Amino acid sequence: MFAVRFDPSQLVEESVEDEAPKKVIPLKRSKSDEEDESSEEETESSEDEEEKEKEEVADEDSMDVDDESSGDDDEEAEEGEVDAASDHPDKHNSVMSRFQQTLALQDKMDSESLVNENEEVNDENIVESHNLERIPQPAKVKESAVAPAAVSQYKSAAWLNTETIHYDSSMVRKFSDFEDQIDPKLLKNIQQNFSTDTFPIQSILLETLLPTLNFSYNITKKNFTRRVGDVLVNASTGSGKTLAYSIPILQILSKRTVNKLRALVIVPTKLLINQVYETFNNLAQGTSLIVSISKLENSLKEENKKLLQNEPDILITTPGRLVDHLQSGAVNLRNLKFLVLDEADRLLNQSFQNWCNELLNKLKTDKQDHMPGNIVKMVFSATLTTNTEKLHGLQFYNPKLFVMDSVKLYHLPRMLQEYNLHIPTAKTSYKPLFLLRLLSEINGSKMLVFVKSNESSLRLASLLSIMIEHKLGSQFDINSVNSNNTKAENRRIVNEFASNNNTSKVQVLITTDVMSRGVDINDITDVLNYDVPISSQQYIHRCGRTARAQSKGTAYNMLIGKGERTFWATHIDNDISRDIDGCQPQVWGQHDQQNQKDEGQEEEAQVLPLLTVDPETESIYKECLNSLKEKVDTNRK
């Protein structure tokens, strides 16, 4: 058994309470202890060990005595306890004295020495520092300038004071009919670089805006915008919207004397920036107007310096870049007269640093005239949003809404022919093969193939190339625009596709919906929806890449099974109007029994071979799929 742990303070208290305490004689120290402090500690430690040994022996003896004398009288036991208690002070007095000396030394020690010891210990745990920089963070998005309580009111009041103006496809005029309203230099540039005839949307806009603009500007150059009001246009793609808003802007700005930022054009993509810039630049030939662009590819510092040194009359940019310039102070909106939103539905769905509120707040800060109608807002889209809350956030003033004379949401060009390819569900896996066969039947075309993702674009292009190598189809020029390519490579592919005029070979560009907006390539003959678009709005933008500028075009829709056919009929076709004398959608694919009864046997004989797969073709097709799988696995490694 182990001895009870010794408590020095308890012994001191017991010795004080004794009536006749014994005189304690401390142990004498040796001379060597007094001379050398270190030797004193050694002897004391040796004495401690001896005393501890004696104590342990005494405890063991006392335990043995207790066991042997368990049957003795109580008086003897009491005498033994008194003797043991009287022996403790003699044994441990030296320990107590040494303990008290240690406490006294600690009180006298310099506090700085203790701190230094702690610092030395902490220094060992210090990690070497590196030259790290703080990660740049985007600016805090400001709250909406519109009170939340007013949002519900705006939803119902967005179209309260809107004047609706209808137009139709028959409204085509000569630009020379507007020679009284258009500057001679501007009219000459239009006829030389664009066309002598107007498109319907151009006709109705020029008829409505030009007389009011010219009259108001002649009366007051400062407040002419109030008589005009804002403009909202819903027009199909390829209908000449860019030229429609460029002509009125240049008609007014061509009369200016000092260059100030008076027109701001906001577009959703960089591709559209270049196309809008080209339109303005061609129209502004022979004038002193300065047209500038701003996009993320350029250095922000260099653009700021350029804008401050030589302020442009017209600036074309994207929402994110615009916010950067507004926050840096390089763009001042004090003299702004025209604000254009091209592809407005996509712009309003984007929230680049809350660009819309940033722009409106900047207008309130910079403009000295805070009255409504201090600028003319022009909103253009092929699928103008029906979300009135988003539109009302732009705070329109006496808006005029220009829409096609139709009860449907959207309108397709008159010369666009649509074909639906009905593919049975059991043959879904052969969809790339059917696409290749369709391409073989189309001669001398330039086709855009739309898929749902970048990965699908990359894999479909690779599989088509492999099938062509295995002689499953004719030789084509097949390229894809996807995220695996660099921006420069994608731009090169698009430019080569646009500039290639070789009509002897089918040119195919596989892409996603990025190419469905803002790509002005007038000679695209065909559009193929390999994956069904998710909405009628997306369908309009895809098909709008062809049949532009009143030219012919074809759109193919690959519909698998009854589900996709029903979706196209109920969610896409129901929202679209077509001209009575224009092209109507037709079925090209495997017909059901009802269609076979209605259609002639001649057309049936033409269609069925497209979807027929013989055993030999099936075997080669499976080899192509295995080759694609091996290629994908190799690229992953």
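Just so you know, glycine gets a Cβ as well, placed from its N, Cα and C.
Residues or ranges marked as region 'Disordered' in Swiss-Prot: 1-93.
The annotation compositional bias 'Acidic residues' is assigned in Swiss-Prot to 33-84.
Residues or ranges marked as ATP binding site by Swiss-Prot: ALA235, SER236, THR237, GLY238, SER239, GLY240, LYS241, THR242. A C-beta separation below 8 Å, combined with a sequence spacing of at least six in one chain, links GLY240 (ATP binding site) to THR198, PHE199, ILE201, GLN202, ALA549.
Within the motif 'DEAD box' (342-345), the DSSP-based counts of helix, strand and coil residues read 2 helix, 1 strand, 1 coil. Swiss-Prot lists 342-345 with the feature motif 'DEAD box'.
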Where LYS241 (ATP binding site) falls in three-state DSSP terms: helix
Stretch-averaged pLDDT - the motif 'DEAD box' (342-345): 86
Cβ neighbours of THR237 (ATP binding site) where a neighbour is any other Cβ within 10 Å: 26
Neighbours of ALA235, SER236, THR237, GLY238, SER239, GLY240, LYS241, THR242 excl. site residues, C-beta within 8 Å of centre, ATP: PHE199, ILE201, ALA244, ALA382, GLY544, ARG548
Winner by Cβ contact number (other Cβ atoms within 10 Å) across the binding-site residues SER236, THR242: SER236
Residues satisfying Cβ distance under 8 Å from SER239 (ATP binding site), sequence separation of at least 6: PHE199, PRO200, ILE201, ALA382, PRO413
GLY238 (ATP binding site), number of other Cβ atoms within 10 Å: 23
Residues that sit under 8 angstroms from LYS241 (ATP binding site) by C-beta distance, when 6+ apart in the chain: ILE201, VAL233, ALA235, ASP342, PHE380
